[in-house]
Amino acid sequence: MQRKSNKAKEKKQKRLEERAAMDAVCAKVEAANKLEDPLASFPVFKKYDRNGYEQSEWGWKDREKKEEMTDDRAWYLIAFDTDNSPVAFSHFRFDVECGEEVLYCYEVQLESHTRRKGLGKFLIQILQLIANRFEIDDSSPSMSGCCGDECSYEILSRRTKYGEGQHSHGQPCDCTQHMKQNSDFVRNQDRAISKLQNEVKKLQAQVKPEEPPKPILPIIYVITPTFTRLVQKAELVRLSQTLMHVPSLHWIVVEDAATKTSLVAELLKQSGLQYTHLNVETPKDFKLKEGDPNWLKPRGVEQRNLALQWLRDNRELSDEGVVYFADDDNTYSLQLFQEMRFTKRVSVWPVGLVGGMRFERPLVENGKVTGFYTAWKPNRPFPMDMAGFAISLQLLLANPTAHFHLEAERGYLESSLLETLVSIEELEPKADQCRKVLVWHTRTEKPKMKQEEALQKQGLGSDITIEV
């Protein structure tokens, strides 16, 4: 009977010891988890790498992920760049696993531009130090206050079991050997910390602050009809070097020719612009003859219509953009493209040096176009120059039959397209309510080639393999 009673006492004592051990472990974990706000140290670092989760068996659940990251037990180790912006973090917790206190690393996340540079490994190494029961030492700057608020590091240390204790047999401990071992250990740890600090400096030098993403702008589709002549390259070069300063732009150049020329093809290739090169020949009956005035027949009709068809074949109604007809002989301010960028239907503005006047422009009252300031045929539906308006891409695509009429009466080419798309009341005045001139109807003077022609008659003409 006495033996049975002793066994019961032993079992009870063992349970009490196990419970006490577990309570001690849980007390450590609870103490480690005391923190007012686990996310307070990096309020601007709120991005998660969703791809890794979405591709895994767990999947991605935004609400559950946020609950996990704001759990009272969550701790974070944050890495900052030289601009004090967070670039990486590790999420860890102090927990109990099989009766042992453990440091459990939930995840390590790095900004894309800091990956493959050793930073993730460095974060794990620090967690290993913490897991080995290292604590912030009394000599650390944050504890001693030696560096004020300027410190950028902490000193970790841990207490050893040697020193003032006794051996199990009750005799005083000769700690000389233990102290030597401990001293060697500290020196090794100092070297390791110094090495880690050097790695941090290298990483800081490598990591460049990520530039904020640029806003996505609607594309401006610039349609330019062109034809072979002595000044063609000069005018296309001038126009291309204006367009190269305009972001989010697609240049559609259409040659009035049976085949594409190498001059235009090479110029476009070297322009650095996003472009489309097309060609279509104007019917002979509608071509200007040598000596004909420019106004006698509409020019660039077939070329502009081909560009419109290309847009309908290659763009969707959901695509945002604006279409502008830019002849190669005009002069354009960069501000003009900023004005037209967010056209909703049809935007309008003044054009300088056109119609025998200093400028022509829409008349605006209370933000609405009410008429046009022009001298020649003011009763036209839209008495405007081709350079004086831009059209929403979506509006054009929604009207698949809208086009320029090849047989339009002189001065009515612009109206033949616009009157199928919009009313005067729907026009959007730009350029300071149509009071700023941002485009000019300039023309390059036709060069006189008398001397060249004279030399050609003598067989001394210039080298035709040199492109002008």
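Heads up, the Cβ atoms here are built off N, Cα and C, so glycines get one too.
Whatever TrEMBL says is automated annotation, not expert-curated.
Residues or ranges marked as active site, proton donor/acceptor by TrEMBL: Glu414. The Mn(2+) binding site annotation in TrEMBL covers Asp329. The annotation site 'Interaction with galactose moiety of substrate glycoprotein' is assigned in TrEMBL to Glu360, Gln451.
Projection of TrEMBL feature records onto the structure.
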{"residue": "Asp329", "record": "Mn(2+) binding site", "Cβ neighbours (10 Å)": "17"}
{"residue": "Glu360", "record": "site 'Interaction with galactose moiety of substrate glycoprotein'", "Cβ neighbours (10 Å)": "24"}
{"residue": "Glu414", "record": "active site, proton donor/acceptor", "Cβ neighbours (10 Å)": "22"}
{"residue": "Gln451", "record": "site 'Interaction with galactose moiety of substrate glycoprotein'", "Cβ neighbours (10 Å)": "9"}
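Cα to Cα, Gln451 (site 'Interaction with galactose moiety of substrate glycoprotein') and the residue listed as 'Mn(2+) binding site' are separated by 25 Å.
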